[in-house]
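The following features are taken from Swiss-Prot:
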{"type": "BINDING", "residues": "HIS83, HIS182", "note": "heme b b562 binding site"}
{"type": "BINDING", "residues": "HIS97, HIS196", "note": "heme b b566 binding site"}
{"type": "BINDING", "residues": "HIS201", "note": "ubiquinone binding site"}
{"type": "TRANSMEM", "residues": "33-53", "note": "transmembrane segment"}
{"type": "TRANSMEM", "residues": "77-98", "note": "transmembrane segment"}
{"type": "TRANSMEM", "residues": "113-133", "note": "transmembrane segment"}
{"type": "TRANSMEM", "residues": "178-198", "note": "transmembrane segment"}
{"type": "TRANSMEM", "residues": "226-246", "note": "transmembrane segment"}
{"type": "TRANSMEM", "residues": "288-308", "note": "transmembrane segment"}
{"type": "TRANSMEM", "residues": "320-340", "note": "transmembrane segment"}
{"type": "TRANSMEM", "residues": "347-367", "note": "transmembrane segment"}
Amino acid sequence: MTNIRKTHPLAKIINNSFIDLPTPSNISAWWNFGSLLGVCLILQILTGLFLAMHYTSDTTTAFSSVTHICRDVHYGWVIRYVHANGASMFFICLFMHVGRGLYYGSYLFSETWNVGIILLFTVMATAFMGYVLPWGQMSFWGATVITNLLSAIPYIGTDLVEWIWGGFSVDKATLTRFFAFHFILPFIILALAAVHLLFLHETGSNNPSGIPSDSDKIPFHPYYTIKDILGALLLTLALATLVLFSPDLLGDPDNYIPANPLSTPPHIKPEWYFLFAYAILWSIPNKLGGVLALIFSILILALIPLLHTSKQRGMMFRPLSQCLFWLLVADLLTLTWIGGQPVEHPFIIIGQLASILYFTILLVLMPIAGIIENNLLKW
C-alpha cells in the first residue's frame, strides 16, 4: 500500500516541500536561515496574537495597556519582550539570509529573489508600524519623522501624508490604522513566504560551490530537518538569553516615556535594524534625494542579478569579490553605527562616505571584479 503522505493531496504538498525534497548534499549552516525566518515568523504571530488580546489602540490608553501587559497579565512581560526581541532576531536572520544570497549567487533564481525583496519590504513596514504601537516618545516621533518623508514627493506629498495620518498630525486615527496593518501584514508575509518557497522548489536550492547538484541530491528529511531543529534551538537559546537577561538592550529608553507631541526627544532614531538605511537617508542634504536614496538602498537588491558579470555563480572561488563582499558588510556595520549618532560633525561626513561606498561597491566595483576574475581565469 502506498504511503499516505505520498497520496493524500494535502500531505503530498508537505511531503514534497519538507520530507522527500531533493536537497544538495553540501549546503552549509548558511542555508539554515530560511527555516529560522519561518520559526521567527510563527513566533511573532503567536506572541503578537496574545499581545493583541490585551492591547488597546487608543492614544489615551495604548501606553498604559502595554504597562498593564507587563505588570498584570500572567507572564505578559515574557510575551512582550519575546515579541520585541523576536523582531531583532527576525532581522538578524533576514540580513544573514540576504547576505548568503549575495555571497553564493542565489539571486540568479530571479523569481525567488524578487519575492524575497517584496518580503523584505513587507517585514520592514510591519516592524516600523509595530514600533509605533507602544505609544512612547520614540514611537510617536519615529512615526512623525518617517511618515513625513512622504511629503518630499512632488505635488501630492502633503496630501498623501495627511491621508496616511488620518488628520493633520500623528494621532488616534494613525495609531488605530497602524495597529490594523500591523495585525494583518504578518499573514500576508506568511502567504508571500509560501510563494517564495514555491518558486524555490521549482529550481531547487543553490549550494556553496555554485555548481548544479542534480547528480548529488539527498532527501531533506532526516538530514536537514535535524540541522534545522539544531538551528531553531540555538535561535531559541539566543532569544531566551536576550529576553531574560537584558530585554531592553536593543530598545530605546525614550520609549518608556509616554508620547508627548510638545516635547521632542534629543535624538530621534528608529530601531537598530533600520539604522543603516536611516544613515543613508540623512547623509543626503536634500529631502527628496534622501528619500530616494533610502528606498534605493533596499531596492538596489533587485539590480544585483542584472549586474552579475562573473561566469561563476557564487563567490566561493572569487577572492576579489570576497574582499568586496566583506568590505560591504563592514560598510553596513559602519552605517548602522552612524545611524545611531547625532547629526553633527564628524558623523555626517562619515555617513556620506559610507553611503557612497555602499552604492559604489554594489553598482560599480562588484561587476568590475567579476570581469577581472573572468579575465584572470582566461574565460
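Placed from the backbone N, Cα and C atoms, the Cβ positions cover glycine too.
Away from its own ends, the transmembrane segment (288-308) comes close to residues 98, 102, 105, 107-108, 110, 113-114, 117, 120-121, 124, 149-150, 152-154, 276-278, 280-282, 355, 358-359, 362-363, 366-367, 370 of its chain (Cβ-Cβ under 8 Å, at least six residues beyond either end). If you look at the transmembrane segment (33-53) against the transmembrane segment (178-198), you find at least three C-beta pairs under 8 angstroms, all six or more positions apart, and that counts as contact.
Around HIS97 (heme b b566 binding site), taking its Cβ as the centre, 21 other Cβ atoms fall within 10 Å, counting all chains. Here the CA atom of HIS97 (heme b b566 binding site) lies 20 Å from the CA atom of HIS83 (heme b b562 binding site). Taking Cβ-Cβ distances under 8 Å and a sequence gap of 6 or more within the same chain, the neighbours of HIS201 (ubiquinone binding site) are ASN16, SER17, LEU21. Sequence-distant contacts of HIS196 (heme b b566 binding site), defined as residues of its own chain at least six apart whose C-beta falls under 8 angstroms from its C-beta, comprise THR112, VAL115, GLY116, LEU119.
Away from its own ends, the transmembrane segment (226-246) comes close to residues 29, 32-33, 35-36, 39-40, 78, 81-82, 85-86, 88-89, 93 of its chain (Cβ-Cβ under 8 Å, at least six residues beyond either end). The Cβ of HIS182 (heme b b562 binding site) lies under 8 Å from the Cβ of GLY48, THR126, MET129, GLY130, LEU133, each on the same chain and at least six residues away in sequence. Its own atom aside, the Cβ of HIS83 (heme b b562 binding site) has 21 Cβ atoms within 10 angstroms in the protein chains shown.
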